[in-house]
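Feature annotations, reproduced from Swiss-Prot:
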- Cys575, Cys584: [4Fe-4S] cluster binding site (BINDING)
- His676: chlorophyll a' binding site (BINDING)
- Met684, Tyr692: chlorophyll a binding site (BINDING)
- Trp693: phylloquinone binding site (BINDING)
- 73-96: transmembrane segment (TRANSMEM)
- 159-182: transmembrane segment (TRANSMEM)
- 198-222: transmembrane segment (TRANSMEM)
- 294-312: transmembrane segment (TRANSMEM)
- 349-372: transmembrane segment (TRANSMEM)
- 388-414: transmembrane segment (TRANSMEM)
- 436-458: transmembrane segment (TRANSMEM)
- 533-551: transmembrane segment (TRANSMEM)
- 591-612: transmembrane segment (TRANSMEM)
- 665-687: transmembrane segment (TRANSMEM)
- 725-745: transmembrane segment (TRANSMEM)
Amino acid sequence: MTISPPEREIKTVKIVVDRDPVPTSFEKWAKPGHFSRTLAKGPATTTWVWDLHADAHDFDSHTTDLEDISRKVFSAHFGQLGVIFIWLSGMYFHGARFSNYEAWLSDPTHIKPSAQVVWPIVGQEILNGDVGGGFQGVQITSGFFQLWRGSGITSELQLYSTAIGALICAGLMFFAGWWHYHKAAPKLEWFQNVESMMNHHLAGLLGLGSLAWAGHQIHIALPVNTLLDAGVDPKEIPLPHEFMLNRALMAELYPSFAKGLTPFFTFNWTEYSDFLTFRGGLNPVTGGLWLTDMAHHHLAIAVLFLVAGHQYRTNWGIGHSMKEILEAHKGPFTGEGHKGLYEILTTSWHAQLAINLALMGSLSIIVSHHMYSMPPYPYLATDYGTQLSLFTHHMWIGGFCICGAAAHAAIFMVRDYDPATNYNNVLDRVLRHRDAIISHLNWVCIFLGFHSFGLYIHNDTMSALGRPQDMFSDTAIQLQPIFAQFVQHTHALAPELTAPTAAGSTSASWGGDIVAVGGKIAMMPISLGTSDFMVHHIHAFTIHVTVLILLKGVLFARSSRLIPDKANLGFRFPCDGPGRGGTCQVSAWDHVFLGLFWMYNSISIVIFHFSWKMQSDVWGSVTGNGVSHITGGNFAQSANTINGWLRDFLWAQSSQVIQSYGSALSAYGLIFLGAHFIWAFSLMFLFSGRGYWQELIESIVWAHNKLKVAPAIQPRALSITQGRAVGVAHYLLGGIATTWSFFLARIIAVG
């Protein structure tokens, strides 16, 4: 018989960190390009500074050691969190120091939020508009005031305290970033321990995070908001800790608090239905979701994720193994199925990032649609500028994330994909029939483009010929979105069957009554007609084109019929030489570049649609004479022609930004002008011949040489790729800032 040595029986704790792997030194900060042998030599030409920007964060190009790359990314995440905490601290500090928050809290329907007062240097104080309550400042549309009220903040002191707390958290994050790279750096196996990661992220971040938030909502936000809704002066409301310590205070508002935890342990949970509700609809006082519904929601989410955080097998031999789940996942048409994907996701952070960006981008777009249909914060729905800003912001974020997903998926294909370990699995099979996928997608784009645009062209032509009876419209040839109307109707009626005790459906947009706060419409049923049907198909068209470009970039990142050895050329390259009908602009990077323009098209039309539709059919006022909308319901009549969009939306609604000079909105007029310039400047880089600029530079250098003032660093024109990068950056920046100023000047003036 074999006797195991005693040391083997003692369970040793796994060491998952390396101690002091990288000495701390500031010397590298003084050496630009220290991460690359070529760049570290210093600049020979002006291209050096562009290469520096392109590669500074490309950790893959600094080293091939996956462990070191993982540590750098991990450490950088703490830096990112630190920056976020500093930014948040600044927001809360502005609320505490420069805002009219306390005044707004006492009368949120008449006073507008402001947290910035412009200093008078040479007349800039004109920007300090009268926001009501005797306060002069810039009206803000970030939604922070509504968020603060919803979370139960009643004084500027509380905002100060939170701002200081956020700075402390920022310090902790920066320290953690340094510590986990220089002092205790995790080993690669720690980064690859997916079961443990899933358990911690699900149970810790999402489960305990939601539970903590539910606790805050129940114990602090609920009593504060209940008293505020009842009209109690914020200064009279007890301090947050008093609600925690004095149960009698809570019991006055929510009687079940007097019973303590007895109903919980006796499974008599319905006792708690005074503060954990399932009402549906909006609070008529604030126009926001019921806070008791949201507390209930977060508690339920917490339970779900705490359970989910115990699903995966770690130290105890029970639970799921991610590798086993993936490898068991085989369909009738997917060959080896998901075999090999586990290896991809534990060795390629680009693959992991691509999936996460696609999901986060989609989630951001879903958030933007819920911000208006189910406004979560008090008095958010009646603050039209904030509603428009939040929708637009989350749409842009979503679009950028989805383009980023394609970028990193393509980088994965070029740098990390191993054909040998992906034989006949789902990824291999997708790649093998990529021609069918792309050609079908191409056909769909052509079909959608011609048919959707064709409807508009038809209408513009009939309109010009004076034949309104032959147009597609709600009053002539109707193209009603019957499926969307069916979905609306079903959701409006659903609670009668699925939640008989609920007071309303999930959103007032489905149907039912108008929710108005102080005579201003918060939300109401949104009627859909021919104009919506038409623009919906433009959305479908632009989204499919964006997907076509991005997906083609990913599926052909390694090889194509034109360039079979594309993987050897890398993620970005300008051309593969002359001939073959042209080999320029085929790199995966170029597909992301082109995809960004179509993403911009897609999002622009979505936010234009939203802005006009809401002003026409939702936003406005309710008086004794009935409902009056900002643009009087003109969406249905005008949005079915291109001319209608140009005349009744872009032109008619830009008057506020164009005529803003000399008013508190004049900054938007200047931004509108300046952003148009930035956008136009981008075209110089996009419609550009590189040789032209190089030739121009040569003659300028010749003149400098003649005068003996030639620089030591040789000037060079931007490379094709660099020029396109500068071009797309300015195109998007200029376009977004133009749209932003146009939207805000309009909605602040009329909303």
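Each Cβ is built from the backbone N, Cα and C atoms, and glycine gets one as well.
A map of Swiss-Prot features onto the structure.
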residue: Cys575; record: [4Fe-4S] cluster binding site; CB count, 10 Å: 14
residue: Cys584; record: [4Fe-4S] cluster binding site; CB count, 10 Å: 13
residue: His676; record: chlorophyll a' binding site; CB count, 10 Å: 15
residue: Met684; record: chlorophyll a binding site; CB count, 10 Å: 13
residue: Tyr692; record: chlorophyll a binding site; CB count, 10 Å: 10
residue: Trp693; record: phylloquinone binding site; CB count, 10 Å: 16
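Long-range contacts of the transmembrane segment (159-182) within the same chain, counting only residues at least 6 positions beyond its ends with a Cβ under 8 Å from a Cβ of the stretch, are 20-24, 71-72, 74-79, 81-83, 85-86, 88-90, 92-93, 95-97, 101, 148, 153. The closest partner of Met684 (chlorophyll a binding site) among the binding-site residues, by CA position, is Trp693; the full candidate set was Cys575, Cys584, Trp693. Cys584 ([4Fe-4S] cluster binding site) is 29 Å away from His676 (chlorophyll a' binding site) when you measure Cα to Cα. Contact between the transmembrane segment (725-745) and the transmembrane segment (591-612) is present: at least three CB pairs lie under 8 Å, with pairs separated by 6 or more positions in sequence. Relative to the transmembrane segment (388-414), the listed stretch 349-372 leads the set 73-96, 349-372, 436-458, 533-551, 665-687 in CB pairs under 8 A. In this structure, the CA atom of Cys584 ([4Fe-4S] cluster binding site) is 18 Å away from the CA atom of Tyr692 (chlorophyll a binding site). Beyond the transmembrane segment (591-612), the same-chain residues lying 6 or more positions past its ends with a Cβ under 8 Å from any Cβ of the stretch are 372, 388, 391-392, 395-396, 398-400, 402-403, 406-407, 410, 535, 538-539, 542-543, 545-546, 549-550, 552-554, 585, 631, 635, 639, 645, 649-650, 653, 724-725, 728, 731-732, 735, 739, 743, 747.
Under DSSP, Cys575 ([4Fe-4S] cluster binding site) is assigned to coil, being neither helix nor strand in the three-state scheme. Among residues of the same chain six or more beyond the transmembrane segment (73-96), those with a C-beta under 8 A of the stretch's C-beta atoms are 57, 59, 115-116, 142, 144-145, 148, 156-157, 159-160, 162-164, 166-167, 169-171, 173-174, 176-178, 180-181, 186, 191, 349. A gap of 19 Å separates the Cα atoms of Trp693 (phylloquinone binding site) and Cys575 ([4Fe-4S] cluster binding site). Distance noted between the C-alpha atoms of Tyr692 (chlorophyll a binding site) and Cys575 ([4Fe-4S] cluster binding site) is 18 Å. Long-range neighbours of the transmembrane segment (533-551) within the same chain, counting only residues 6 or more positions beyond its ends whose Cβ lies under 8 Å from a Cβ of the stretch, are 402-403, 405-406, 437-438, 441-442, 444-445, 448-449, 451-453, 455-456, 472, 479-481, 484, 591-592, 594-595, 598-599, 601-602, 605-606, 609, 639-640.
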